[in-house]
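*Asks:* The structure that follows is given in the form of C-alpha cells.
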C-alpha cells in the first residue's frame with residue numbers, strides 16, 4: 001500500500017507538543033490500565049473514553065498505552081463469555097483438539113488437515129502454561145490477533161494520517177473489532193489478520209511468509225490472496241473478473257451443495273470439506289444481520305463521497321469486499337458473513353473511519369453514538385447474557401486469573 005507522509009500545520013504541531021507534554025495526560029491514559037486488575041470492563045470503557053476525549057492531543061506513546069489497554073481488557077472481557085452452551089460454537093471443537101494435544105495425542109495436530117496453525121499455537125500454550133481453563137484458553141485465543149491488529153494499525157494502516165486523527169482511528173477500529181468472533185471463527189480470524197500483513201509488508205519474503213501463515217490457519221486464504229494481490233496492480237481488471245466469478249458462484253452454489261451431498265465432489269478435499277457446514281446451517285441462517293447490513297450500506301455510501309489519496313488507497317479493496325458480500329448474501333447470509341470476516345469483523349471500523357474522516361465533526365458524532373450503542377449492547381442487551389459467565393465484571397486484584 002502507498003505510504004503517505006503525515007501532514008501537520010504549525011498550529012497542530014505546537015498544540016500537540018504542549019498537550020502531550022503534560023504529565024497529567026499520561027497519568028490519565030494510564031488510569032484504564034490501572035483499573036484492569038479490578039475490572040477489565042472499566043478498563044475497556046475507560047480506554048475508549050480517553051481516546052475519544054483527548055484525541056486531539058495524544059502522542060504515539062499515550063495512544064499505544066490506550067491501545068494496549070483496549071487489547072488486554074477486551075481479551076479478558078470476551079474470554080469471560082459462555083462456552084459449551086450450543087453445538088454451533090466452534091470453540092467446542094477447538095477445546096476438544098486442545099485437550100487431545102494436552103494428553104499428548106499428536107493426532108490433534110491434524111484435526112483440521114493441513115490447517116494446523118491453531119493446533120501449533122495450542123502446543124505452544126501447553127508448553128508455556130500447561131493446562132488452561134476454558135476461559136484461559138479463550139483469553140490466549142483472543143489476545144494474539146488483537147495485538148497484531150493494533151500493531152498493523154500503528155505500523156501500516158495509519159501511515160499518512162495526522163496525529164490528531166489517529167486516536168479516533170484506533171477508537172473506531174476497536175469499537176467494531178469483534179473480539180467474540182476471534183474466539184469462535186478462530187482459524188479464519190487468524191488467517192484474515194495474516195492476510196492484512198501479507199498485503200502490507202514490502203519484502204517479498206515477508207509477503208510469502210504471511211501468506212503461508214494465513215493458509216495454515218485457514219485455506220480460504222488461497223481464494224482471497226490472489227485477487228487481493230492483483231487488486232493492487234490491476235484494480236479494474238480484477239474487479240471485473242471477480243464480478244464474473246461471483247455471478248457464476250451465486251448461480252451455481254446450490255448445485256455445488258447438491259454435488260457435495262451426492263458424493264460427486266470429494267468431501268475430504270481441502271476447501272470442498274467446508275461445504276458441509278453450509279448444508280447443516282442453511283435452514284437456520286437465511287436472515288441477514290440487520291445491524292451489520294446497516295453499517296455495510298453506510299460504508300458503501302461513505303466511499304461514494306469525495307475523497308483524498310488516503311481514501312483512494314482503500315477504494316478498490318472496499319468495492320471488492322462489498323461485491324463479495326452482496327453476491328454471497330443472495331446465496332446464503334452465513335457464507336456472506338464468514339467469507340468476508342476481514343471486512344465485517346476486523347476492518348469495518350477502520351474502513352468507516354477512512355470513509356468518513358473528511359467529515360470529521362460528523363465522524364465524531366457517529367463515534368459517540370456507536371459507542372453508546374456498544375455500551376447498551378454490552379451492559380443491557382444480548383451481550384449481557386453471554387458475557388461474564390466465567391467471572392464477574394468486577395472483583396479483587398486479578399480475580400479473573402485462576
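Glycine residues also receive a Cβ, built from the backbone N, Cα and C atoms like all the rest.
Per TrEMBL, the features are:
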- 24-52: transmembrane segment (TRANSMEM)
- 64-84: transmembrane segment (TRANSMEM)
- 109-130: transmembrane segment (TRANSMEM)
- 137-153: transmembrane segment (TRANSMEM)
- 165-182: transmembrane segment (TRANSMEM)
- 210-231: transmembrane segment (TRANSMEM)
- 243-266: transmembrane segment (TRANSMEM)
- 286-305: transmembrane segment (TRANSMEM)
- 314-335: transmembrane segment (TRANSMEM)
- 341-373: transmembrane segment (TRANSMEM)
*Asks:* Taking the transmembrane segment (210-231) as reference, which of 64-84, 137-153, 314-335, 341-373 has the most Cβ pairs under 8 angstroms?
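*Replies:* Of the candidates 64-84, 137-153, 314-335, 341-373, 314-335 scores highest.
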*Asks:* For the transmembrane segment (341-373), what are the same-chain contacts with Cβ under 8 Å, counting residues 6+ beyond its ends?
*Replies:* 48, 52, 149, 153, 157, 165, 168-169, 171-178, 181, 185, 188-189, 192-193, 195-196, 224, 292, 295-296, 298-299, 301-303, 305-308, 310-311, 314, 318, 321-322, 325
*Asks:* Taking the transmembrane segment (137-153) as the first stretch and the transmembrane segment (64-84) as the second, find out whether 3 or more Cβ pairs fall under 8 Å, excluding pairs closer than 6 in sequence.
*Replies:* yes
*Asks:* Which sequence positions outside the transmembrane segment (24-52), separated from its termini by at least 6 residues, show Cβ-Cβ distances below 8 Å to it?
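*Replies:* For the transmembrane segment (24-52), the far contacts come to 58, 61-63, 65-70, 72-74, 76-77, 167-168, 170-171, 174-175, 364, 367-368, 371, 375, 378, 393-400.
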*Asks:* Does the transmembrane segment (64-84) reach the transmembrane segment (314-335) with at least 3 CB pairs under 8 A, where each pair is 6 or more residues apart?
*Replies:* no
